[in-house]
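Undergrad: Okay, so Swiss-Prot annotates it like this:
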- N24: N-linked glycosylation site (CARBOHYD)
- 24-157: domain '6-Cys 1' (DOMAIN)
- N29: N-linked glycosylation site (CARBOHYD)
- C64-C138: disulfide bond (DISULFID)
- C81-C136: disulfide bond (DISULFID)
- N93: N-linked glycosylation site (CARBOHYD)
- N112: N-linked glycosylation site (CARBOHYD)
- 160-299: domain '6-Cys 2' (DOMAIN)
- C164-C188: disulfide bond (DISULFID)
- N185: N-linked glycosylation site (CARBOHYD)
- C202-C281: disulfide bond (DISULFID)
- C222-C279: disulfide bond (DISULFID)
- N295: N-linked glycosylation site (CARBOHYD)
- N306: N-linked glycosylation site (CARBOHYD)
- 359-385: region 'Disordered' (REGION)
- N383: N-linked glycosylation site (CARBOHYD)
- N396: N-linked glycosylation site (CARBOHYD)
- N400: N-linked glycosylation site (CARBOHYD)
- N416: N-linked glycosylation site (CARBOHYD)
Amino acid sequence: MMKRRRIFMYYCFCFLLKYVAFSNVTNPNTTLGHFEICKINIYSGDAEECVLENEFGKMFLFICDIDYNEMSKNIVLPSECAKKTYIDHVNPNGTSPEVNTYDIFPDLIGANESKFRDKFYFYGTPYSSKDIDFICLCFSEVKPDIKHIIKMSFKKMTKKIKGCDFGDNVPTKKDLTNGKALYENSSCHIYAYPGDVIGINCYKKDINNIYNNNLELSPNNCFHNVYYENDILLSSKNLIPNSRVIPDPSNDVKLSKMHSYMSYIILPDEINENVKISCSCKRNEYVGTMFLYVNTSKNILTYTGNNVEETAHLNDHYISIGDMWDMGLYENPEQIQSIISNHANKKYYEHMKIYKGNKMDPSDEDESNENAHNGNRANKDANYSEKMVDNRRQKNNSLNHTNYHGNYNENDNEINISTHDKYYEDHHLGSNRPLRKKRTFWQNLFGTSSSYYEVFNYFSIAFILIIHMLLW
């Protein structure tokens, strides 16, 4: 009996030695303004690990702390971190396969522009299509066996960001709600409210794609500067106080070409004035314009669908809420409702068109009143108009559905298979390559850190003590 107890205790000791003595030490994070900072001491005798969870609006700073008096070098793997990284590894090493970060996850904005290669900057992203971890290693040349881990962890999101993507991107590479392609002039209308995040993108997220030749974002630092009333260039800080734009206007992160054509604005929780602003994407002779209607609160203009331009049906015609905004009616919901309730009166709509063009004619009002009381004809026209409205609605819904899916057809989808899609398919069932490593039970239970054994160790020790007391 005693011999079995000793054998049991020996195996328990070896088990604990493996997972306690050799697990990584997770370093704490420090918050400073919009920065989330984690520092690693590469001269430490224990393998250290920094894990930062994605949070949009944050800038993540990893520091591989170097004692410059030692005159020793630090080594970073992959050597082009953050352009290349390891993904979804528990404990990667120098022989682990590298991936091109932006092929797999094009919305990640990160760089290492430090002369001594000891600082790494990343922006938190507003959208992630999957659960994924990006990892780099840093260590001292005098202690090459102790490799420290820096990790960015992303959780899958189901809700995309309000905004306009003019990059003709497939759904897997599109994080904005509205998709347009710059093969013709187009416009995109977004209605925003306090606390919303809004985005614009001009870039087709495929490396070296000819679509990206001769691209221009106007203004080139949208949303830092925006067009007010279509042609007046103003600072968003003055138009929408307390708003914040990502990427920030600083030299902290040197943007790649791809990330120079995308921008996000975070609206404050309180907005005092309704404002209409715009930015545009240009490709050769084609222009795609994004109109952003920022409201102080949700009212009759509130949109509950898929962020394409709302319309109120007037007989067999349509009047857009963008037009209502231009008329100055956004502050008068009663007048808007009056317009909608009179939709069977075609002359009333024509009257509003004249009003919009500042060409008011009193005779139009008299004609509209006369026709509105013309019984049988009005009823016949109303019935006919209802049919036209239904047909127009079906047509618009079909167009909206097409726009939402990025204006690409089945053949285009077969041809433009993205690097991300190839990677995703190659690591799943039906491929001869090994499956990509998934999150383990312990990672889901205790977090994404490679040191998830740390909590498991406590349970193990408690379990062994209980067994020991029972057997003793």
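Cβ from N, Cα, C; glycine included.
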Undergrad: Can you tell which of C81, C138, C164, C222, C279 has the most other C-beta atoms within 10 Å, given these are the disulfide-bonded residues?
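TA: Its Cβ has the most other Cβ atoms within 10 Å: C164.
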Undergrad: Rounded to the nearest Å, what's the C-alpha distance separating C164 (disulfide bond) and C202 (disulfide bond)? Just drop the number here, would you?
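TA: Taking the Cα atoms only, C164 (disulfide bond) lies 9 Å from C202 (disulfide bond).
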Undergrad: If you measure C188 (disulfide bond) to C81 (disulfide bond) at Cα, how many Å is it?
TA: 36
Undergrad: Suppose we draw a 10 Å sphere around the Cβ of N295 (N-linked glycosylation site). How many other Cβ atoms does it contain, all chains included?
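TA: N295 (N-linked glycosylation site): 22 neighbouring Cβ atoms within 10 Å.
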Undergrad: Between N93 (N-linked glycosylation site) and C138 (disulfide bond), find the distance joining the two CA atoms and give it rounded to the nearest Å.
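TA: Approximately 10 Å lies between the Cα of N93 (N-linked glycosylation site) and that of C138 (disulfide bond).
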Undergrad: Mean pLDDT across the domain '6-Cys 2' (160-299), rounded to an integer, is what?
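TA: When the pLDDT values over the domain '6-Cys 2' (160-299) are averaged, the result is 89.
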Undergrad: Can you tell which of the recorded positions N29, N185, C202, C222, C279 lies nearest to C136 (disulfide bond) in space, using Cα positions?
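TA: Smallest Cα separation from C136 (disulfide bond) among N29, N185, C202, C222, C279: N29.
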Undergrad: Could you check which of the recorded positions N24, N29, C222, N295 is the closest Cα neighbour of C138 (disulfide bond)?
TA: N24
Undergrad: By CA distance, which of the recorded positions (C81, N185, C202, C279, C281) lies nearest to N295 (N-linked glycosylation site)?
TA: C279
